[in-house]
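Here's the structure, in structure tokens; my notes come after.
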Amino acid sequence: MASFSSSPFALFLSLLSLLFPFISSSTSTTTIPLTLFNTKNPSQDLYGKLTHLASISLARANYIKKSQDSSVSTTPLYPHSYGGYSITLLFGTPPQKIDFIMDTGSNFVWFPCTTKYLCSNCSVSSSSSHTIPTFIPKSSSSSRVLGCLNPKCGWLHSRTNPKSRCQDCESRTNCKQVCPPYIILYGSGSTGGLALVETLDLSNKKVPNFLVGCSIFSSQQPAGIAGLGRGLASLPSQLGVEKFSYCLVSHRFDDTGKSSNLVLDFSDSKKSAGFSYTSLLKNPVVPGKNGLSVYYYVGLRKITVGGEKVKIPYKYLTPDSNGNGGSIVDSGTTFTYMNRGIFDPVLNAFVKQVKGIPRTESIETSTGLGPCFNFSGHKTLSLPELKFHYKGGAEMSLPLANYFSIAGETDVICLTMITDSAFGPELSTGPSIILGNFQMQNYLVEFDLKNEKFGFKQQVCK
């Protein structure tokens, strides 16, 4: 989830004036390729990769928990060692191809923009000469800066009304003021720029006047973000999608070019064959915590390890009146996060059932993962099954590769889930469980927005 800020500052506005000299004035489905996105050196070892993914997963969890405020189209979806999955979309006239990280935990779509785009700590490969592709508004005849009185401006700046936001407008019919700049804060970075209305060119239809952010600076954001959350500015909301689905290829194929698909369905609201379904729950409505309205809440009611129920206090499983508790599905998180009150009983269940194999606490400390077991000298290794039980009876029995991973070149295997730092207080605000993409590998998942259902089935994604 991201938060927006419209705090103006002189340098930012002066940059905008230089970069935007013009600011004063089918079928039923679309399929989009989906891939994993890489920001690290491809030669990075697995141990380093696990440590990095644990770190960014915890950073994102910390931010989410603190957050206050034709009918089918198919698009390829690619996996990357960054820990996220990317899609490619076409914007502008003529169309310009731009990569986006798919994110069900935020609700805004933005791309790196203009030839002056600046990004700090945004390495995407080992090559220092690599440049991030950007959208060039001057090369598109359909690019328009969003006006201040346009209702879509309120999607970005919902905390201000048009009267206070657009004080320089002479009248409601004669206003040349643009929508104020946005600044978006993420768990591991930020971005800022101006909002545009632009043509989105899908494989089977053109969508004019699509709200998209033209970011001129970013930090730790190596690509644009395609927000698929519940907000008005998200990709599904703007397109009027009835449901969308994706299948996440294994992280074994990071940066190989192997992809699956993001499918946007504009009309088919029937249940899909072979799926297990649970309800998408109503989002908590809490004054001052508008950010909670973006997430996809699901009713995770029970966790079993090796067939034994883990004792979890009820307060963690259902949001309270302050919006604390409950579970969300977040494609932008890599490793599933659990509050310490949930994680510790899960960890203890594994430790209890894994007999004769010692823990390696030094690796647990250095990676942020745990428990970790040293299976050196063992010809076979038996680990308990992890199963999520959802409201309505749906069960997700995770494959072993979705919740344990080898730690580098060692004979150590670690649980790929995270919790709050052992050196800090428990974060009791926001969702208690954030279901990440690592646990969803080789699952076809479906968000049925019309019928308020979350569906899934295990299959090899390709």
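Keep in mind that glycine also has a Cβ here, set from the backbone N, Cα and C atoms.
What TrEMBL says about a protein is an automatic prediction, not a curated fact.
These figures come from a predicted structure and were not determined experimentally.
In TrEMBL this protein carries:
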SIGNAL    1-25  signal peptide
DOMAIN    85-457  domain 'Peptidase A1'
ACT_SITE  Asp103  active site
ACT_SITE  Asp330  active site
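Annotation for Asp103 (active site): spatial neighbours Gly84, Ile225, Ala226, Gly227, Leu228, Gly229, Asp330, Ser331, Gly332, criterion Cβ-Cβ under 8 Å with sequence separation of six or more. Note on the domain 'Peptidase A1' (85-457): mean pLDDT across this stretch is 89. Neighbours of Asp330 (active site), defined as other CB atoms within 10 A of its CB across all chains, total 27.
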